[in-house]
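The structure under discussion appears below in the form of structure tokens.
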Amino acid sequence: MALQMIAPFLSSFLPNPRHSLAAHGLTHQKCVSKHISCSTTTPTYSTTVPRRSGNYKPSIWDYDFVQSLGSGYKVEAHGTRVKKLKEVVKHLLKETDSSLAQIELIDKLRRLGLRWLFKNEIKQVLYTISSDNTSIEMRKDLHAVSTRFRLLRQHGYKVSTDVFNDFKDEKGCFKPSLSMDIKGMLSLYEASHLAFQGETVLDEARAFVSTHLMDIKENIDPILHKKVEHALDMPLHWRLEKLEARWYMDIYMREEGMNSSLLELAMLHFNIVQTTFQTNLKSLSRWWKDLGLGEQLSFTRDRLVECFFWAAAMTPEPQFGRCQEVVAKVAQLIIIIDDIYDVYGTVDELELFTNAIDRWDLEAMEQLPEYMKTCFLALYNSINEIGYDILKEEGRNVIPYLRNTWTELCKAFLVEAKWYSSGYTPTLEEYLQTSWISIGSLPMQTYVFALLGKNLAPESSDFAEKISDILRLGGMMIRLPDDLGTSTDELKRGDVPKSIQCYMHEAGVTEDVARDHIMGLFQETWKKLNEYLVESSLPHAFIDHAMNLGRVSYCTYKHGDGFSDGFGDPGSQEKKMFMSLFAEPLQVDEAKGISFYVDGGSA
């Protein structure tokens, strides 16, 4: 179904002669001539048809608040200092001769959010380390072996799990004496989350160290205690890069051997990127206000700020600001349409809307009720406008493929609406075949590939097949945590049974057992993506974006429905996350330390 349309879309990434706009029948005028602003008219939906309500909370992030964001940390003001500090760190990387010291420095750079500044240097060091036959002493250091294993796998190197054999006894079990090496066990725990499917040794390692770390975490020094608690709450491999950087800077400044230049660079870089995020979010907020769709369709969720949080998590690199804005727009439009299918529209109306999206012409729009016309036209203009920009700049007409992702999404929404209307409970397999699409990742990932496609040209003949699987896995990375966090609330609102309920119905098990099963599927999805990162010829960026969807989804839904409700709850972890990333700059003052806002257990 959805994957059948991916191959021709991906072929547009291949180098081709630059086409004229006229050759595609597209000019800017034709592409956006129906552009609308909805803010000056009254609501356009019928009040005569009985409608359900999602009882969604309003957004707390009003326009004036977003427009007031600003920290003053710009490259122009701090660029000279950043450049000097970068040279200091480059020298540090070059002069560090111990393999363990190099590994630990690279790990610090990643955790401090600096890997993008030293991409080439890190690549060179890891290449050397990957071919280094480490000393006997280092091979017997659990921390060194585990950290090396994790970093190399994170960067796409093949590393065998045989490196952990030295830490097993004659029965093939991890030696009980390892429980005395807390630092080593913590590193092994983090490494175990880079497992592939079938690597039981890493599953055994995770179970072994988890038990011991839980038992001893109260009887260790405060900094190590924070690290253990942080890891057990969520492994490093599953964490969002910027949130981890915010948390780790507070830890690093208290560590023995802290390098002040490294810490200062991390803080300055964080603040400069935060300023870039603020600029992009302000632009996005102006677009949303001008569009006026939230006021017109007041039964839907206004989650623009949350959408930008997701977009920035999916493509955290600061140079991808345009991509972040576009993905945030797409995500907010997905929410609007999702609320129409889930809560507001009748089945007959939804069939008309799905048909209009499939036909993709303004004549089809005329059959829709007024509230759907508003939504259709906003979507129509947005897709054409983005497609026009890509065609103008790169000579690739991606509009047919962008359209197709929305068609597949709406068809999946319609299937679920009919399930709900008829009271049907699908099998888990049947549910997942539809719900990985209905979660909305397909348009988001496709837009990312379209915007970054010129930098991600395929190199293998089986590219289309592999990327199709990445798209599906990306959808699963959102769907499974979403169901774990939101299914109770969504069933109360009136929604199709989620994966938990489908498995309970199919297998005749309790909710706790079903939740464990769905969490197991999430872990297996991670393992598949881990293997793609190492074994696949695909550009790592494709796989990273799918992994980032899992990271932001798990972060958002770990403690409930953090997307629909949590960002608006005073004191919620989700609100704290937003404020720490987008609103509150770090105080770059060694004498005072860092102003710390994110709780160590949730970042």
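Note: Cβ is positioned from N, Cα and C throughout, glycine not excepted.
The (2E)-geranyl diphosphate binding site annotation in Swiss-Prot covers Arg301, Asp338, Asp342, Arg479, Asp482. Reduced to three states, the DSSP call for Asp482 ((2E)-geranyl diphosphate binding site) is helix. Neighbour count (other Cβ atoms within 10 Å of the Cβ, all protein chains): 22 for Asp482 ((2E)-geranyl diphosphate binding site).
For Asp338, Asp342, the entry in Swiss-Prot reads Mg(2+) 2 binding site. The secondary structure of Asp342 ((2E)-geranyl diphosphate binding site), as reduced to three states from DSSP, is helical.
Summarising the annotation, Swiss-Prot assigns Mg(2+) 1 binding site to Asp338, Asp342. The Cβ of Asp338 ((2E)-geranyl diphosphate binding site) has Phe413, Ser438, Gly440 as same-chain neighbours under 8 Å, each 6 or more residues away in sequence.
Among the features that Swiss-Prot reports, Mg(2+) 3 binding site is placed at Asp482, Thr486, Glu490. Within 10 Å of the Cβ of Thr486 (Mg(2+) 3 binding site) there are 21 other Cβ atoms, across all protein chains.
Long-range contacts of the motif 'DDXXD motif' (338-342) within the same chain: residues 54, 56, 297, 299-301, 350, 353, 371-372, 375, 410, 413-414, 416-417, 438, 440, 490, 493, 495, each at least 6 residues beyond the stretch ends and with a Cβ under 8 Å from a Cβ of the stretch. According to Swiss-Prot, the feature motif 'DDXXD motif' maps to 338-342, an assignment based on similarity to another entry.
Swiss-Prot lists 1-50 with the feature transit peptide.
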Quiz item: Distance between Thr486 (Mg(2+) 3 binding site) and Arg479 ((2E)-geranyl diphosphate binding site) at the Cα atoms, whole Å?
Solution: 10
Practice problem: Please average pLDDT over the motif 'DDXXD motif' (338-342) for the predicted structure. | Solution: 95
Quiz prompt | Arg301, Arg479 as binding-site residues, winner by CB count within 10 A | solution = Arg479
Quiz prompt | Conformational class of Arg301 ((2E)-geranyl diphosphate binding site) under the three-state DSSP mapping | solution = coil
Quiz prompt | Other CB atoms, at most 10 A from the CB of Asp342 ((2E)-geranyl diphosphate binding site) | solution = 21
